[in-house]
């Protein structure tokens, strides 16, 4: 493997590193974005890029040596090594929309599908009606794929879809025959990363190929479209038949993220991501699943610095649904990422499954904590909370992050109780390591509810509880002469009384770039999701692992979209989003209230979970959809202040924005968000009937607190001649002060279909005012 890697690195170095030897030492990779391509033939597009670069650098040889990528399929542009002055000069060219330096992005089951409804065991549901997503292609941009995983077996899978134009690119430990009828494509993109970084073959164990070292990409791909794998569990927990959302959909992996080392983790170059999107458009994917994202502050959706938004714009224009993770910076507000209106942005919820771990105190009180402990029962053992008894010169700390301040004898041979307010879930494993190194036998961590389970080693129990239960245990310790505790192995608990919650880590709205665009759009399970992984994953158990994040929630939606695409092949990306958002659950599948994890549990609002929890069966027959086409996106670009020439190049045709600028409130989204209501506003939506031809819908309005909402007309009539109808919404406020957001809804119903449009309104009497009071 190392010999192959060395030869690959030599070749890549000759192509990338030595190719830029003539460039200034101060040069770095810049992306030159030209918008919609002007030629259908990719060769002509690339030639035009070389001509432009030759004019800048003075020769064809210099242009060839500077070029890193030519984006030539879905859109036009290139990545090249340029100095600041060269970048500034080419940016002044009238053909160029943006020039920016390269940047980096970060990474953002057995129970899921039974929980959400489309079970493969039912002969009359979405999975069976769509032949499990057969003939749809899910493209995944991530860390690669482990092709030998059973999740990518092609048993019972038919021929490769005829619209597929991609292939399987050989590389380190990866040959073309690693692909099959399930995993039909695999490519890797590293040129952008190599142009700015030295790839240390000794330090980084990643593969210079589409093969996945980290396991993240394998996990994501198997959630979206993994094949059936029976009797899968994580070391005995969560046992069942594993499958993806669309078990017969095809997977195409585009590796643009690279594992550097344990300290630096995984990095994804913007130029590599752009090339991956460009290739995915060419190859013919139907859905593009991207579990990556930037950080706040965000760049405008019309700014090339948001590379995912830029690439996604062109993918959506070609009919590809782009699904992105909303980010893991919750529960703080205004943290959601991937906020462009043409992207389907996903929040994460829990499942109705937990891993209950009995803690039995010496007074026979039983407390059910959460853990992934699969070791033997720990019999009654001394229980301690490290604190100063009042007559000691030693240092004591019951804070989980500071357990190392305690002497070993404080914890040796005991189970330790500690408290933490930290949100970082690594606190669990770090505290457990400290206790174990000191000779401790177990750990009970009291913390705010809702944080990820971080499994400790198999033979070491570390159990999470909330602060209330932690205080109960602390009182037991303080008022008992010789406190003891017994810890039993974890067990899987499904259904009652486990409730569904928006995960604490899931990033929240409102949208910090364009507050009138509701984000996230939708929520899906993303906590402790069991799926395939790479054997190199340190938590790997038989080829499978549990991970948490909006990275896991996004491919759930991608799998649902693949099923819906099979059922409605002519729908636009906006139609799929509308169907998913307007039919979502506001309660869990069993009718219980969903909660949102924050500093405390609360009733969720659209900034927590968009339309709600995805309801795949209802999304298949939404009744009405709010559709959008390129003109709607042009409306948005104009409202965002993009100039006419830039929009024209972006969309590939002459475009002139109206004067005055259109209102962002009139974009035909399946939501209504008004961030700065002062005077009465009127907005318009258009709905299209995709249900029975002759249908009549009546409106039900639940206005936000202190907000008046008037809908005209109140009844919509559809027939063979009338497929689409517009309605107006007049919104006014009774508030006399600046308020926060209040929430309501607008529902069109024909007694069978309920088309729910979430409404979010903030009164701003004094505009652009920030108040800390």
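Using the three backbone atoms N, Cα and C, a Cβ is placed for every residue, glycine included.
Features of the protein shown, as given by Swiss-Prot:
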type     : residues : note
ACT_SITE : 142      : active site, charge relay system
ACT_SITE : 216      : active site, charge relay system
ACT_SITE : 551      : active site, charge relay system
DOMAIN   : 29-108   : domain 'Inhibitor I9'
DOMAIN   : 112-620  : domain 'Peptidase S8'
DOMAIN   : 382-474  : domain 'PA'
CARBOHYD : 200      : N-linked glycosylation site
CARBOHYD : 231      : N-linked glycosylation site
CARBOHYD : 408      : N-linked glycosylation site
CARBOHYD : 536      : N-linked glycosylation site
CARBOHYD : 643      : N-linked glycosylation site
SIGNAL   : 1-23     : signal peptide
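Closest in space to residue 216 (active site, charge relay system), of the glycosylation sites given as 231, 408, 536, 643, is 536, taking the CA atom of each residue. All protein chains shown were included, and the count of other CB atoms within 10 Å of the CB of residue 643 (N-linked glycosylation site) stands at 13.
Comparing CA positions across the recorded positions 142, 231, 551, 643, the one lying closest to residue 408 (N-linked glycosylation site) turns out to be 551. Most Cβ neighbours within 10 Å among the recorded positions 231, 536, 551: this distinction goes to 551. Secondary structure by DSSP for the domain 'PA' (382-474): 30 helix, 20 strand, 43 coil.
A Cα-Cα distance of 10 Å separates residue 142 (active site, charge relay system) from residue 551 (active site, charge relay system). In this structure, the recorded positions under consideration are 142, 216, 408, and the one with the smallest number of other Cβ atoms within 10 Å of its Cβ is 408. Mean pLDDT of the predicted structure over the domain 'Peptidase S8' (112-620): 88. With respect to residue 231 (N-linked glycosylation site), the closest of these recorded positions in Cα terms is 536, chosen from 536, 551, 643.
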